Amino acid sequence: MHVRTPVAKLLLFGATGDLAQRMLLPSLYGLHADGLLPEGLTITGTARSEHSDASYRKFAKAALDEFLPADRKDEKAAKSFLERLQYQSLDATDLTHYQQLAEKVGDVSGGLAIFLSTAPSLFEAVIRGLDSAGLAGATVRIGLEKPLGYDLASSREINDTVASAFSEDRTFRIDHYLGKETVQNILALRFGNSFFEPVWNARGIDNIQITISETVGLEERAAYYDGAGALRDMVANHMLQLLALIAMEPPARFDGTAIRDEKAKVFRSLRTIEPADAPLMSVTGQYAAGASGGEIVKGYIDELGKPSTTETFVAIKAHVDNWRWQGVPFYLRTGKRMTTRRSEIAIQFKPVPHSMFSNRGGLLQPNVLVIRLQPEEYVQMLMMAKEPGLDRDGIRLREVPLNLSLDAEFAGKPRRIAYERLLLDLIEGDQTLFVRRDEVEAQWMWIDAIRAGWVANDMKPKNYASGSWGPSAAIALTERDGVTWQDD
Ligand code: BG6
């Protein structure tokens, strides 16, 4: 059994921000309502805005009212949850403010977990402030929300700053995809079943596709997103994490060291995309006007209100250079304002070595294992079957799905927000689903080379209509290899 050491206090930076309202407060409430928070755990919120404890509780209540699903609302539970909350305003750049914060938080000898989501420019000031006020000692752990830098150099700087006050075993880097139930299910699927492993390699698998398509556009995040783009926002973290879970060797144990060791090895095995190859191995796009999610929407530039060459779409052909994956392309694709919201992994197996049906007109398609992460949660194996009939005009074979609907199978089980799991693991001190420093740095190394290739080749994003699957060049990226994106 994993040893858990729950903290007695939680300190939330960015406590009035969007993430806090939409995700953190509802998640903490959910844990509280189910009796999963340690008894007596206090939650101190901090941000620049002025609030008394009472007005912050009101603010938090409004967030719960707005963002909790109806079936999770319970006035009694909300009332006792709000009693855990208190608030201290803070100018993160003013060192003297941290003393007041420390006084508000109180004694941390029983353990404190800090959740920090802040602009990268404030990291240094915050870490120094916490350290100077005694909020970084051995009983304190810190959860860090992205963006943790925008390239290898800046991420190293942030990691060094954090490491100056928090040892790695007290540092919890968040990738919220790892908190998703279906993402964790990849491990159960791969390592809880014996029949995948013998074919889970270059002999059995032809190619792997990972798609995260979204229908949303810029939302209210122009300041961050325009400086980031799809490669940094989605590939450098979520998509590479998914790739690693699919590609890694079987870990010996379900623990933070074993799992993260194997993921890190995958990141270090990613084949560097040399600048000369960037135009062939990657495609970038930016959404133009169109119709997405059932509404007419503006193009990115119009939404932003100024010219920009930021990519809102990226497709990449990646390789993992080790024995298991030699010659197997991993096609990654993500974009905003696409035709549908979908996170999915499609694993296409090799065709049968010889078709006995070809002289009787039967056509075969290779098997595909589809792992749908959202919005629905299912695993589907596309298999060949014979259509019923007397076959006078030849044998008709058809691809049919073998379905495992996780939604239906576990219908009675509550579905938790990814942050519920991650906040609880942070509070209890389980690092398994958090990203280690060597993982992050290996990810950036690979990402930086791609970006350098775009610069070297003066690659600009190609326009794609909102509501489409991205620029046509993304189709060419796979079709050149005789592979079609799994689009329906
Ligand atoms: C975030 C990105 O990390 O993930 C967003 O910054 C993106 O741009 C979001 O929309 C997607 O998360 P999910 O859970 O909705 O797939």
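Residue 1 is the first one shown; counting continues down the chain.
Glycine too: its Cβ is placed from the backbone N, Cα and C atoms.
Annotation source TrEMBL lists active site, proton acceptor at His238. Within its own chain, His238 (active site, proton acceptor) has Asp175, His176, Tyr177, Ile212 as residues 6 or more apart in sequence whose C-beta sits under 8 angstroms from its own. His238 (active site, proton acceptor) falls within a helix when secondary structure is assigned with DSSP.
The number of other Cβ atoms within 10 Å of the Cβ belonging to Arg48 (NADP(+) binding site), over all protein chains shown, comes to 12. In three-state terms derived from DSSP, Arg48 (NADP(+) binding site) belongs to neither a helical nor a strand segment and is classed as coil. For Arg48, Lys146, the entry in TrEMBL reads NADP(+) binding site.
Its Cβ taken as reference, Asp233 (substrate binding site) is surrounded by 22 other Cβ atoms within 10 Å in the chains shown. Sequence annotations record features per position, and here TrEMBL assigns substrate binding site to His176, Lys180, Glu214, Asp233, Lys336.
Confidence annotation: the domain 'Glucose-6-phosphate dehydrogenase NAD-binding' (12-185) carries a mean pLDDT of 96 in the model. Per TrEMBL, domain 'Glucose-6-phosphate dehydrogenase NAD-binding' is recorded for 12-185.
Under the heading domain 'Glucose-6-phosphate dehydrogenase C-terminal', TrEMBL lists 187-486.
Close contacts with ligand 1, defined as a Cβ under 6 Å from any of its atoms, occur at none of the binding-site residues Arg48, Lys180, Lys336.
Straight-line distance linking the Cα atoms of Lys180 (substrate binding site) and Arg48 (NADP(+) binding site), rounded to a whole number, equals 30 Å.
DSSP assigns Lys146 (NADP(+) binding site) to coil in the three-state reduction, placing it in neither a helix nor a strand.
Comparing CA positions across the binding-site residues Glu214, Asp233, Lys336, the one lying closest to Lys146 (NADP(+) binding site) turns out to be Asp233. Put simply, Asp233 is the one of the binding-site residues Glu214, Asp233, Lys336 whose Cα lies nearest to the Cα of Arg48 (NADP(+) binding site).
His176 (substrate binding site) has a Cβ environment of 19 other Cβ atoms inside 10 Å. Taking the binding-site residues Lys146, Lys180, Lys336 in turn, the residue surrounded by the fewest other Cβ atoms inside 10 Å of its Cβ turns out to be Lys146.
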